[in-house]
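Have a look at the structure below, then the notes.
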Amino acid sequence: MKINLDRTSSGFCIGVQGTIHVAEEKLNNPDKLFSLGDVVHNEAEVNRLEHLGLTTIDESGFHELKNAQLLIRAHGEPPSTYRIAEKNNLVITDTTCPVVSRLQRTARLLHELGYQIIIYGKPSHPEVIGINGHCKNSAVIIKHPDLSDPSETGQIDLKRKTALISQTTMDVPGFYELKANIRNLFAADSEEIRNENDHLWMAIRDIDLTASLTGIRDMPRYVYKDTICRQVSSRNQMLHDFAIANSCVIFVAGKKSSNGQVLFGICKAANPCTYFIEDIDEIDDAWLTGSDGRTVESVGICGATSTPMWLLEKVAAHLQRRYNHDPA
């Protein structure tokens, strides 16, 4: 059986790499380091870092923490976190992903300009909670691009000027599907919008925000900014092709990983013989056996942006020992 390990489109994204690198450096120091929430949505990697000395705390633990070192993970945090940290005399090491930081700034400026903010994302995701905090927790969060959830659409004020942005790890097609459906929702409520073309929903850049804030020119009533991380979204096609190229696919990710669920779905759609695991003890021998009782010709091992490469290598080594009788 040929074992193919995907080193191109799997493993930590740049934002997570930065967080892990900084955490490892800090853990070489004698001062205890605390992480607000799991440093990454992968239990095996969290366990590795905790073995090195990292302590993971939840919100209640954070409020009680005083005079300590605090790590802000790549997902970012709302402004309230920084205020509490200052009050509790916490020394912050901020590893918010630069892509997320720019998105937080965009959300804050759009809110200051009076826009109703719609975020394409998952309401409970840490990144979305952070973004929403930068617009004073006033954003409408939409998870379903087809607008099928009335509890989401019911929050949209059709009379307000509106800006659409996205969680950085959501899917690009879903974002543009949501944009089209929101435009139709507003158009159904307004004859003025029905009589206009798509330019009413203008794609904006940072320069447009600056121009509007400084009074050089105003932005349209309805705007959108595609804030999806292209380093993440570019993996979609590569993983699709990787899945097709193998008889069977073992997809490795943490069950909490939002990106993992999306990428697993892409692999599964490309190759129905795709299976999700967190670690090697979840591998079922039946997955790797063909209808003739022989092992499959090839197995591909891949994972999410929150999956460490060492874990993918561990899975590959396990399969090599078990199926190719390699003692290495």
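Note: Cβ is positioned from N, Cα and C throughout, glycine not excepted.
Binding site for [4Fe-4S] cluster per Swiss-Prot: CYS13, CYS97, plus CYS229 from the candidate set CYS135, CYS229.
Within 10 Å of the C-beta of SER258 ((2E)-4-hydroxy-3-methylbut-2-enyl diphosphate binding site) we count 24 further C-beta atoms, all protein chains included. Among the binding-site residues HIS41, HIS125, SER257, SER258, ASN259, not one has a Cα within 10 Å of the Cα of CYS97 ([4Fe-4S] cluster binding site). Neighbouring residues of the recorded isopentenyl diphosphate site, listed in sequence order and excluding HIS41, HIS75, HIS125, SER257, SER258, ASN259, SER306, comprise VAL40, PRO126, GLU127, THR169, GLY254, LYS256, GLY260, ALA304, THR305 (Cβ within 8 Å of the Cβ centroid). Using HIS75 ((2E)-4-hydroxy-3-methylbut-2-enyl diphosphate binding site) as the reference Cα, a 10 A cut-off selects GLU127 from the recorded positions CYS13, GLU127, CYS229. Note: the Cα of SER257 ((2E)-4-hydroxy-3-methylbut-2-enyl diphosphate binding site) and the Cα of CYS13 ([4Fe-4S] cluster binding site) are spaced 13 Å from each other.
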